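Participant: In case it helps, TrEMBL gives these features for our protein:
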BINDING   C83, C86, C124, C127  Zn(2+) binding site
Amino acid sequence: MSVKMRQSKHRDLILAILNSESTHPTAEEIYNKAKKVIPDISLGTVYRNLNVLVQHDIIRQVKSNDQTVHYDGNLSPHYHLFCQTCGKIVDIFPEKKLHQKLIDSVKNSGATIHYSRVNFIGECADCTKKKEEQKI
């Protein structure tokens, strides 16, 4: 049974911040941006609203290698690259056929998938480029 979620100005603002970001912000980063618009918003309010949005599958939590919780407003099928050099979390969008083949492989094993989460660990394009330039 799905419980309806009330609309609120705080939740709307948090969603707007998340949807304008591609950086997978933390609750504190969202709070700092929200405070510029609603000065009396509290960090607790941000956390509560993020939890409600996660529970209603409107956003997802993404844990970095150091277990810091980030938030992702993009629910389309995609993977994450965790940069070990700068800490950035980069969205990787697979070809639809590749993603479906992976999903089918799991389903063919008899398992049930609720949602998928694939992570890569390495260096982002910017850090890779910087390392290559340093070699020259």
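Each Cβ is built from the backbone N, Cα and C atoms, and glycine gets one as well.
Unlike curated entries, TrEMBL annotations are predicted automatically.
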Participant: Could you find out if DSSP has C86 (Zn(2+) binding site) as helix, strand or coil?
Facilitator: coil
Participant: So which one is it: of the binding-site residues C86, C127, which has the fewest other Cβ atoms within 10 Å?
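Facilitator: Lowest Cβ count within 10 Å among the binding-site residues (C86, C127) is C86.
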Participant: Using the Cβ center of C83, C86, C124, C127 as the Zn(2+) site position, which other residues in that chain lie within 8 Å, going by their Cβ?
Facilitator: Q84, T85, G87, K88, V90, E123, A125, D126, T128
